[in-house]
Amino acid sequence: MPQDTQDLGIVDVERISRKIFDQNVAPSVVRYTLPDIGGRLTSTSQLAYCLSLLNPSWVSHRELDEIESDWSQSRINDPDERQRLLAIPTDLIKAFVRDELKKPDVVAEVVSLAAVLDQDDFRKLLQVLVNGIDQSLLLEVHMLEGLAQLLQNAPYGCLDADDLVKILELLSGRLKDTHQQSTQRTYQLVSAISRVLDSMVDSQVEGLSREQIQQPLAEYLNGLKESPDAYLVYQSAYAYQALMYIPDDETILQINLRRTRDVIRGVSGVVSAVKAMDVMGFIDGLQNIQLSLASAKDTFALVSDAYDNVKALAESGQGFLESLKEGLSFTRKSSWYPALRGLDALIKVGRFPEVEELVRNAPCKHHPAFQWGLCQRLGEIAVNTTCDVKVRASSVAFLGELYNDDATWGQQPNVKLWILSIIARLSDSSYSTASEQARMLLQEFGVKVSAEKRPLYQTYEKDRSRPYPMVTILSSQRSPLLDRVQDKPDVETPLRQLKRERLKGRGGDVYIYPRAKASARAKEDFDLTSKVQEFLGSTRKVFLTLGDSGSGKSTFNRAVEISMWDKYGKDEKRIPLFIHLPSIDAPEYDMITKQLRRLNFTENQILELKLHHEFVVICDGYDESQQTRNLYNSNSLNQPGCWKAQMMITCRTEYISADYKDCFQPTDRNGNGLSDLFQEATIMPFNKNQIRDYVDQYILLKSPSWESKDYLKAFKEVPNLQDLIENPFLLKLALEVLPNVLSTNSRFSAARVTRAGLYDEFVAQWLERGKIRLMEIELSPREKDLFKDLSELGFKECGVTYMKELVAAIYDNQKGAPVVSYSERRDRGSWKEPLFSKEDGKHLLREAIPLGRDDDQYRFIHKSVLEYGLSLAVFDPREHSENTEPSPVTSRRGSTSSALSFEIQETGETTAIAIDQSLLDSPFGRINLVAERSVTQFLIDRVQQLPVFKNQLYAVIERSKTEKTVRIAAANAITVLIRAGVQFNGADLRGIQIPGADLSYGVFDSAHLEGADLRKTNLQNIWLHQADLSGAQMKGVQFGELPFIPEDENINCCEFSPSGDLYAVGTRGGDISLYETSTWNRIRLLKGDSEDEPSSLIWTGSNIGKGVNHLAFSAKGDYIVSGIEDGKVQLWEVNTGECIHTLQGHEQAVSGVAFSPKGDRIVSGSNDSTIVLWDANTGNCIHTLKDHSGRVTGVVYSPKGDHFASASFDKTVLLWDVDTGNCIHALHGHTQRISDIAFSPNGDKIASASIDSTVRLWDVTTGDCVLIFQADDTGVGSIAYSPNGSRIATSNCHYSDGKLQLWDVDTGECIHTFEGHDGNITCFAYSPNGDQIASGSGDNTVRLWDVDTGECIQIIQGHSYWIVSVLFPPKGGPLTTAGSNYDRTIRQWDIGASGGLNISRGHSGSVTALAYSPKGGQVTSGSEDNSVRLWDLNTGECIHILHGHIQSIRVVLYSPTEVQVASGAWDSTIRLWDVATGDCIHTLEGHTNAVTSLAYSPKGDWLLSGSNDTTARLWDIETGDCIRIFEADSSYVASVAYSPKGGQVATACDQFKSLLWNVDTGECVHTLETFRAGVEAVAYSPKGDQLASGGGNYAVQVWDTNTGKCIHTLEEHNGGVTVLIYSPKGDQIASGGWDFTVRLWDVGTGECVHVLNHDDSVNGIVYSPKGDQIASVSKDKTARLWDVATGQCLLTINAFDGSVNSVVWDHTSSGEYLVTGSSDKSVRRWQIMEEGGEYKALMSWSSSHGILSVSKAFIGGVQGLGDSNSKLLLQRGAIDIRETNCD
């Protein structure tokens, strides 16, 4: 053997045969009597035994006997009993938590279950024990022992590294706290730490903090080596070694310096060998470790063998305890620790022969610490009463050998004394066999002691100061916790019964998993079931599901409940409780208790459930219960002593208001919303795949007469049916109804199916089935007679009548609450008795109508059926005939005036429509239905289907002029008509009384509303252009916005004071306006040195004419600081308006200013790269800081005011110390200039935004970059923290498209991307509570976004130029916005106002093109929303919506035959559409850039297209083939024209020319050269002999198409010409363009006849068919009518909110009309009327509008309007003084 290995104590001896342990002994099993089903358990040990039989993994080490196997199998077959047993440990732990004393026997009881606990229960118990140790003032030993035992017996997977690290930290802290206390407590703590460390080694925990945990603990353990207590010293040494085997968080370099790879490889070998129970491999692994450790002599070496320096005790004079400490080291890592852990592994599984083999062959077997550990384990085996008796005896015998056999085990006195101490302890204890054997050994040691050991034994006898602290298992003979638990009320039995009841009948209905969005307007959808499961597994508390009526909310709730009941008792411990809210009386208080009482739970059971169980409360029908309270808060869910529950709740979308979250979101004590506890989703309509799946399931379940293909064909071909059946409930109705109303052989396209019609047929079929059921059951003689009478009267008719009576009574008597509770005894004499009694056969009808019953509660099968019933009670189409016209009635004016009087009256008196009295007697005349949107939707169907009902509603409104009693009915009537899309243009509504009506988005162009009662009406976004409101009553009307405030100069910046009572505006002219927000009166602004205003109010200084770039208020709001373009900083006193300091220190424009939080300092940054810190009191410069090398882009103070930060073009953020002016940190990382910076609300982080498209988060203390947000490639322009600091909002750079992004501060994840603006985002702001963001844009709009859902809540229009500021008042109030440049207004918006219902039928984007049908009667529009729409000119009905293009439409055109419409778009394609069907016939592909122009051949067989790809193409419309390509030598083709003769086409090019092409040959026959600039427009004369061209050269040129010669050059335009048109006769040309004019040219002479002026670029021109008039439209938002002969402007239509892009002339037999398309998304038809030489435009119809339009509305004499609303209307163009000449 090599000498070096001998020195290390490594022996190469022959393997010794086993001597003491001769067989493996499986761990003993104590068997208990197994309880019967439902039987009581006698002890916790019995419980642990039972639980071990229920889980195969817990008894995998042994075979079950027959009794155990039968018992286990019976519980598997009885899941309820199994669940009962599995629930007991949970209850027992809860009882332990509530136990205040936690005595040793209670701790022992609960930890005895450690090995059979599931993960949740184990971790709960672990937390309780850890908290108990942590929170106790004095260390409780039994808690410590309990924790150690729990860790030692932890089931697989229940402990993780974090747990162990936290426990280690806790115990280490307690260890330090026990310093200088008794060594016994210290020993117990070190022992517990050892077990934690053992668990960490076993779990292979890595990354332990060396600096914070490992090193301090190692040093403390090392310090314990000086303890006089040898047992403590050994336990400390053991813990130290365990600590050495846990990898820390050192770097690789550090590890390599301290360890060798062989060491690591050796440990791995040990671990793998133990797992495989390969003792020889394990020993070899130990050998590798020892060799590796020995080779690293520069870092550590093995402890020297004790034999090398041992001295006789008698000679050394050592005491007992002192001698025990010899040989224990704290500074070296050794192999004895893994050797002992190997012993533990073998002992645990009873492999005792291998234990002996390992001991005898371990390379470290002579190490004193290994022998100490071995002896300790043998002693513990000896006292373990659960071990085999022979094994225990062998353990004592092994101790004897270790003491006696010096030749094998050495002569280390400390080990020998340790053995004596253990045997002595055994002999003193009552451990039967082991004790007796120990006493015999001890006696033998004393009698037969050798001479060399006699001093050793005498030392032991002389100095036994403390007996060996034997480690024993914490145990208890009692089960106090189990006794308490089993005395609880039995709740499982009624829960099992409830589970069975709720699972009855499942599977009988079709169910399709719904999809949802975060909000109705969100783009991304998701599987709702998965989202809810995610919620149920989270810490969120409330999940709100929104959806339309019939969207499947209740069905989904039931599906969730069923799923949870299926899992209950298995994977799910929470109780699902379905609550139909309308069935509960006052659910806002204790609704769970009330529901459980309804389910017959006792009060004791309810209390038990409340205190000890968790629920998922599924609340259905929030809207049906007519709730407004926050049920989560009012029920105090999850508050101490209250119900513990997650809540799922459903509500109709239409029921909620703008602030709906207040009704659902949990709040804190101060009422602040806790958004992190709230989640919501909106159910989407079914998509085509879901519909198909539903149909397939329905056919399998119901076997209808139709096949799947029949249904799908009907869905496709029946007009509008596809839209209806996207609603799940309507789909269900359609599947039942369609086979009875349609034949598969019929022409589906001719059928008309409405929502109301589906319900009509559904109820009829339900009643028919009800009738059949009554015929099949046994009726009493009287019931038979009643049934016969009903049948003779018409059973279905009687059923419908009864249904209407019941519904009307429900709305009259309980305000529509859908559940009716009826008891014959209780409700005698009430309104319910005649409806629910058995008289007149009503009980038979009640059984036949779609009404469900639950005990004494009745409700219709679906809320929508109740609402349908109400609409039927209002108007039953079965009772009206279209051919019957009621007799006329006399109007209040003494004439007969009909509903047609609502139209323009061209004649005198006409016939009126009489009102059916039943309409006024119905709920329609008593109940305000404005808020009942589902009911009004049924009535809308009736209006659109049955003119008689529409006329009835007109008549009700008419009667309201004279009768106050019909006010409610009239308000309902006009609300229904408006929502049905009826427009009241020119209507005679004088004196109507409609208080409370919803007129939002209604169209009342030129309507007569004189003297009308409009009190409390919703007029949001109403169209009142040219309406007469004189004398109307308008108190309490809502417009949804406030008057705007005009500024004289362009607005640069705005700011609220901290209190919100002041609002400051900085202008480009250098002035500052200050407004008091209570009145919005401005402190008067004086220009220059005007003498007629007090000088104290002049807010101009030396910076006159120099723009105010930035503003900031002091914290108290008493001062304002402004940063000026000329480099000055000015400080203003708010109260006096005096400029108290002008601070000069910058050489260029000020780029940012900020007040310190205390208000004593000001910091300013400049484009000159400097930052200046100013004293706000004296105006002195404190520091000038020049560390930046580029212009400063922003400065900001930290919330505490001790720092400020600056950002710069130099790509850095600098953090400054306020007092010293020193730069604390220079934050580098951005690769391009920094655009914005912001401190987090608590001041610990700085966020910086850069055009490098990143946001970086910096730690203020260290200067480290802790997180990077990667935004889109367009750069990040601005940044803002949410008020609570959890999120950051960013906008893209100003030159990019408008986009906001919302980021999670902790993860860097992008939560939402807010898209929708058509221009760049110029500003944005958080609302005070952080739930909304408002953004302003270059598209002149403001958008309001929901932070949680990402949805755009509101689009605010009104500004005429880009938005420079959006601000929320700090303490709440209207959103305040400011527009720049030409707008110069400050506007306020009531964002909480009801949005009404936009009945828009039109485009969602700017209308870019119009085309008039050759035969008249239709117009086609193209839009930026990528769609093409066909409109009926007479009715305004949208005939077809044509989808297919993927980019904006540029041009639309009818074919000459009117069978086709062609559309060209930015997507480079042309689509040909069938006018009759709306089908896309061809998609013409070939162009590679946007299509700019289209022209049909005269016969309509060919189509010419021009494109930005430099070509024009000729297409065959029959085949869709491209037959010619005309290559223009240019960058693009701006315009094309087809000659009326058909043989020639023209193209307009940008290269100073137009080209004439021969159609047949494709040759260019003429090149028409222009000058200076390209050609933008070309037009052929009616005869085709001339071509006019115009373009950027400001001229119109007229060419001879035969010769190519220029006939005229017309050069009077002052800007580019973009529009050209010949008059019908061809004798005149009209041209328009960028110079704001239309010019009329005489073709013969070339003379400019007239110049017609607009205020902005001209977009379109059209001649009247006669050519005597011309209409033009412009970017100036007007359409104008001109007299061709005189050039006089006959009419200006200024009722647009955007550029008017297109115009066509509609000539009909009834008059002349203009049709306009505008950027405000509208298509409108205007009737041109002449009265007495004056022209007037009356709007016939409008496709849509989105803003308040009141231009030229007369409001003189209006009552109750109020100053604010009056000012608003006047600002919007209303007039209060009659105009003498109104055009």
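Any Cβ shown, glycine's included, is placed from N, Cα and C.
Taken straight from TrEMBL:
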{"type": "COMPBIAS", "residues": "884-898", "note": "compositional bias 'Polar residues'"}
{"type": "DOMAIN", "residues": "76-452", "note": "domain 'Arm-like repeat'"}
{"type": "REGION", "residues": "879-898", "note": "region 'Disordered'"}
{"type": "REPEAT", "residues": "1143-1184", "note": "repeat 'WD'"}
{"type": "REPEAT", "residues": "1185-1226", "note": "repeat 'WD'"}
{"type": "REPEAT", "residues": "1227-1268", "note": "repeat 'WD'"}
{"type": "REPEAT", "residues": "1314-1355", "note": "repeat 'WD'"}
{"type": "REPEAT", "residues": "1400-1441", "note": "repeat 'WD'"}
{"type": "REPEAT", "residues": "1442-1483", "note": "repeat 'WD'"}
{"type": "REPEAT", "residues": "1484-1525", "note": "repeat 'WD'"}
{"type": "REPEAT", "residues": "1526-1567", "note": "repeat 'WD'"}
{"type": "REPEAT", "residues": "1568-1609", "note": "repeat 'WD'"}
{"type": "REPEAT", "residues": "1610-1651", "note": "repeat 'WD'"}
{"type": "REPEAT", "residues": "1651-1692", "note": "repeat 'WD'"}
{"type": "REPEAT", "residues": "1693-1728", "note": "repeat 'WD'"}
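Mapped onto DSSP classes, the repeat 'WD' (1610-1651) shows 0 helix, 23 strand, 19 coil. Assigned with DSSP, the residues of the repeat 'WD' (1484-1525) fall into helix, strand and coil as follows: 0 helix, 23 strand, 19 coil.
Outside the repeat 'WD' (1143-1184), and at least 6 residues removed from its termini, the chain residues within Cβ reach (under 8 Å) are 1109-1116, 1118-1119, 1121-1131, 1190-1197, 1199-1201, 1204, 1206, 1208, 1210, 1216, 1218, 1221.
When the repeat 'WD' (1227-1268) is classified with DSSP, helix, strand and coil residues number 0 helix, 23 strand, 19 coil.
Against the repeat 'WD' (1400-1441), stretch 1693-1728 has more CB pairs under 8 A than any other of 1526-1567, 1568-1609, 1693-1728. Assigned with DSSP, the residues of the repeat 'WD' (1143-1184) fall into helix, strand and coil as follows: 0 helix, 23 strand, 19 coil. Remote same-chain residues near the repeat 'WD' (1314-1355) are listed as 518-523, 658, 661, 672-673, 675, 678, 680, 1277-1278, 1280, 1282-1284, 1287, 1289, 1291-1302, 1361-1372, 1375, 1377, 1379-1380, 1383, 1389, 1391, 1395, 1424, 1746 (criterion: CB distance under 8 Å, separation of at least six residues from the stretch ends). In the repeat 'WD' (1693-1728), helix, strand and coil residues by DSSP number 0 helix, 24 strand, 12 coil.
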